[in-house]
Amino acid sequence: MFCIQCEQTIRTPAGNGCSYSQGMCGKLAATSDLQDLLIYMLQGVSVYAVKAREQGIIDAEIDSFVPKAFFSTLTNVNFDDERIMAYAQQAAHYRAQLKASYEAACEQAGIAVEQVPQVAQLVLGTSKIEMLAQAPIALLNKDKHDVHEDIMGLRLLCLYGLKGAAAYMEHARVLGQTDADVAGRFHEIMSFLGEPSVDGDKLFTTAMDIGQLNYRIMAMLDAGETQAFGHPEPTVVNTKSVKGKAILVSGHDMKDLELILEQTVGKGINVFTHGEMLPALAYPAFKKYPHLVGNYGSAWQNQQQEFANFPGAVVMTSNCIIDPNVGSYSDRIFTRSIVGWPGVVHIEGDDFSAVIDKALALEGFIYDEIPHTITIGFARNALMAAAPAVVENVKSGAIKHFFLVGGCDGDKADRSYFTELAKSTPKDSLILTLGCGKYKFNKLEFGDINGIPRLLDVGQCNDAYSAIQLAIALAEVFECDINELPLSLVLSWFEQKAIVVLLTLLSLGVKNIRTGPTPPAFLTANLAKILEEKFGLRNTTTVEADLKTMLNVA
């Protein structure tokens, strides 16, 4: 086992990364090894997808499968060995299918079949024992003694960034958004990473290419969400419990939320969002469901307590899931899509009757809590609608600075930095937030500036796209570069989606971003120095010191 993809990975003087019997996330060594083998098989599929494309062969089914299966290897997504093995076996089937199509096309065209790298040649074992025996070939640091640590760090930066992009591709696909060119570029990068490179410049360029690719993917996801559900609008949301039977929907998949809402109409069940599903409450399409009553709980890391206290059924539509046995709710939590946990019921297809039956059998909330509301829904359209008023307030001096504070949440004590930063921002500044990092401060009162709320909840982590659009619009109005705006970006990172959002921002030329609370363990000190020199990227320090720098206070 070797896994170093998230913030909670083991860090010791002897080396970083989880490499024992179990990772800090709860992932067993066997699961980690099977995930590495799955990635290896997917890279082999991409090798042949690239070759097939050269002969004009595009398989949309395979284009959709590879990022979806890759998504299953993200932090806190799928812990079910049987499901991971099934993905690997499906990958082997698709690779053989593409290989046959490619070779037939070459024969018909009268050209030689090109040799493929080792990553596209492995004959996958048929049992768990056989697959685990093959896993060392796919170990991410298998050649760590032969290559420089900076090269290893760049490889992992690319791999983990592409994982984040794969997740967004799958979210977009669920909403009907696919693009053959995007899929083609994705396969090219997967294929490249399947042949471990020692070219630092090429790896760095690839990291920026992944950022650019993800910008296109985020635009696709934005289109999918707004076409399906309308543009988010400022919305007041209750964050307290409501009396009645209950279902809690966590993750990111709004299509699943829609299906659950449709299937619970008239059944006397209240539906609550959780975590990154909170932004769904701002979409017009969901406002026609009066039994979508609010948001319950906070960010992913608190789920073992929050789900244990929730008196209904819980559905995990995507990341992040953690051990449901700790809170003794494994019999009433259900997984969807790429999510998996051994022993937990997995919902295939679009029938949520098992979830509904479980909710009806449980007690539900026995009384209404006193409501506490927050305002959400400041995504792209709402931000653009507010832009003229924002510009006027900037020109008048009422608004002097913008902060984007968001990203992933986590349970480290030093994440209180983000709470204190938000509380310490000047009263003449606006705070944009997104991702589950918002839960560090989104229930606090920040007031407004001439009717414009100081705290603007942009949405899910992928809605960084909305924030980018606002920054571009403001830069055009003020006839300046984005980096010349009075804008400071402070991103909390935990896993691979945050990595690819960061790569997207860097690839767009956005500079002087702060990330925290701790730097990724796979980034060497030298790589961190290069990123700081090239982009001004730096780690958070103290709220007082960082604010002085961001506000140019001597």
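Glycine too: its Cβ is placed from the backbone N, Cα and C atoms.
Listed features, source Swiss-Prot:
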type	residues	note
BINDING	Cys3, Cys6, Cys18, Cys25	[2Fe-2S] cluster binding site
BINDING	His252, Glu276, Cys320, Cys408, Cys436, Cys461, Glu495, Lys497	hybrid [4Fe-2O-2S] cluster binding site
MOD_RES	Cys408	cysteine persulfide
Request  = Would you mind listing, in sequence order, the residues at least six apart from Cys6 ([2Fe-2S] cluster binding site) in the same chain with a Cβ closer than 8 Å to its Cβ?
outcome  = Met24, Cys25, Thr75, Asn76, Phe494, Glu495, Gln496
Query = Including all protein chains shown, what's the count of other C-beta atoms within 10 A of the C-beta of Lys497 (hybrid [4Fe-2O-2S] cluster binding site)?
reply = 32
Note = Out of Cys18, Cys320, Cys436, Cys461, the listed binding-site residues, fewest other Cβ atoms within 10 Å surround the Cβ of Cys18
Remaining residues near the recorded [2Fe-2S] cluster site, that is with C-beta within 8 Å of the centroid of the site residues Cys3, Cys6, Cys18, Cys25 = Ile4, Gln5, Gln8, Thr9, Gly17, Gly23, Met24, Lys27, Ser32, Thr75
Around the Cβ of Cys408 (hybrid [4Fe-2O-2S] cluster binding site), the count of other Cβ atoms that are within 10 Å = 27
Ask   = 10 Å Cβ neighbour count around His252 (hybrid [4Fe-2O-2S] cluster binding site)?
value = 27
Pairwise CA distance, Cys18 ([2Fe-2S] cluster binding site) versus Glu276 (hybrid [4Fe-2O-2S] cluster binding site), rounded so that it is a whole Å = 27
Inquiry  = Taking 8 Å from the centroid of the Cβ atoms of His252, Glu276, Cys320, Cys408, Cys436, Cys461, Glu495, Lys497 as the cut-off, which other residues in that chain fall inside it around the hybrid [4Fe-2O-2S] cluster site?
reply    = Gly275, Trp300, Asn319, Gly435, Gln460, Phe494, Ala498
